[in-house]
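Visitor: Handing you this structure, nothing more for now.
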């Protein structure tokens, strides 16, 4: 029979029942793993195509129209699918096609002769590259017959002939809206109807991503501005600092850069262990990557470190974005040292956006770490006003950062009138085990707000982070009973923040996680959560306070590092008849942002008589010389006051967070940025310290900068003086762009700045050589 079989085993009939009536069997030539496929004929025996206009002799059987060339139309598909910025699509050597599921992409197929729909049948065979045993049932193997325009079937996948000109076909292929996300291989089988077939294997794999523009996709998000922000924006802001001094820090997500998409898929499949057949499910994928981004269980992307000793790695505060972290991990396949919560969240957001998942980074201030699922955070205080770290298993972080991912939750039935689709909290910081792995989420944010803490996954933990009550107990010794000295129902879960859509400003999303404090709805949600968590705690500890003496902190909240600051406790006697003697212990400690006290800076113990109706104050003045040797990463302090009112059984304890502010790097462009043209810029920093800054270094990332620029200063920066560095970059694309800068030195670290600007399109050149 030669190289083209005259028989065709019709095992799979993709268009049976759709009116086509053409039984097609997906086959493949070359080194296929399917033994029943048909071999591709050697080039020497393929008949020459007829000349244009030739009419085959009625007595001569036409040859199979074999595929000669396939063009995946990178530029056209990149624009249509909003994937043109992926380095895979844009690189000079061996570019790859990246498309989104549920949306047609175009290919141009050149045949060995003109296509005749009366005698020719064409079928596309798509296979998930990582599938060990591709199968139709698991969706890792798909056969799609070519149909005429207007004859689209109701099948999940479709291939439609858009147009034809002689031997060139333009075909629109639509992957299913729930297609597996990952790398796919494409084969094209051609045959004569009722005769044998030959197969063509396209040389390169292509990528299918989630498609939040597709209404049938589980991650569909309506609103172009939202999609531009949460899928396509490669730069964002992550909030750090404290609830009373919010600090926005620029973060380069870099989801389109070299190796980022491949690394994201590696984290899903190899580290996260998601089977190919499950890679279309965003719930399964997000839960897996929340563990894969951290390292304790599976040697994932980032190793956490909260010790303040970062030997052998990069301090978390020195990262400017996700690109270098993920590229280093993908190259070495070892966890990158080191990260803390905002690094884990920034990397997770990058991975999600690279895969096509709408994602945003979210910060909660005064976030509870409730290890006992009690919905309270209990602190024990000794007679010196110190928090007893050895007795505290819970903690309150100055801030905590996680990621929200947008998706429907078909795995959850609606309950109590709530629909659980929308934003889902996903946390990759390794804090607590969930199903025996360090991961958290996806937890429906609406379930958190309603107190539905049993809704998967980890809603109870997220609820406690933003709703737990803070309780302080006075510890007087192992034989003495604990004494309740303060409770705080309002301090946890403040100023929940994310970057605003289309603006480099803060959007407060606290109301998406919780009802207003002390509202009827908020208390109802808390009581529901307490019942569902079977907590032993109740509200019986909410006793009446002693109200004759009112205590209040007065603290300036805009102190630049290098400057002195003062802490004042004001005590007002509200009684018109009774004098009171009060002993006040006031202390200032440096604290890690996780809430753990590091070093004592200064303390004062005084006794004051406060006459009826009078006001007294206790003050501590703290100089730079007092605190600079004790500073830790976030320049955060814990201010604590323990006051004992004599002749009563009342003790007052309060604490507050405070941080000194770092200066900002100023960035200035020299000229108007134009696509494809080299630009110059200047980054400037002023030294706010009373001492010189030595061996300073700038890190720069921006449009067209493939590798982070490191610029070392050759001279010290004297107190009050400025240092500037020049750098160049060439924007590859027009539109909005951002330059991000970091500065570090021994004396002054974790300083950043950014500049957001517009890049003009490349100017067209007319025939005279002038710009049109």
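Numbers run from 1 along the shown chain.
Cβ atoms here come from the backbone N, Cα and C positions, even for glycine.
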Visitor: Between the candidate ranges 15-57, 58-100, where does Swiss-Prot place the region 'Disordered' annotation?
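Guide: Per Swiss-Prot, the stretch marked region 'Disordered' is 15-57.
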Visitor: Compare the C-alpha of residue 427 (active site) with the C-alpha of each of the recorded positions 400, 469, 517, and give the closest one.
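Guide: Given the candidates 400, 469, 517, the nearest one is 400.
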Visitor: Given the Ca(2+) site residues 467, 469, 517, 522, which other residues of that chain have a Cβ within 8 Å of the mean position of their Cβ atoms, reported in sequence order?
Guide: 489, 490, 492, 493, 514, 518, 523, 526
Visitor: For residue 469 (Ca(2+) binding site) and residue 400 (active site), determine the Cα separation and express it in whole Å.
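Guide: The Cα atom of residue 469 (Ca(2+) binding site) is 17 Å away from the Cα atom of residue 400 (active site).
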Visitor: Sort out the sequence-distant neighbours of residue 400 (active site) for me: same chain, 6+ apart, CB within less than 8 Å of its CB, listed by position.
Guide: 341, 363, 364, 367, 369, 429, 465
Visitor: Which of 427, 517 has the fewest nearby Cβ atoms, counting only those within 10 Å, among these recorded positions?
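Guide: Taking 427, 517 as the recorded positions, the minimal 10 Å Cβ count falls on 517.
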Visitor: Near residue 469 (Ca(2+) binding site), how many other Cβ atoms are within 10 Å of its Cβ?
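Guide: 22, counting other Cβ atoms within 10 Å of residue 469 (Ca(2+) binding site).
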Visitor: Could you list the residues of the same chain, at least six apart in sequence, whose Cβ is under 8 A from the Cβ of residue 522 (Ca(2+) binding site)?
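Guide: Residue 522 (Ca(2+) binding site) has long-range Cβ partners 514, 515, 516.
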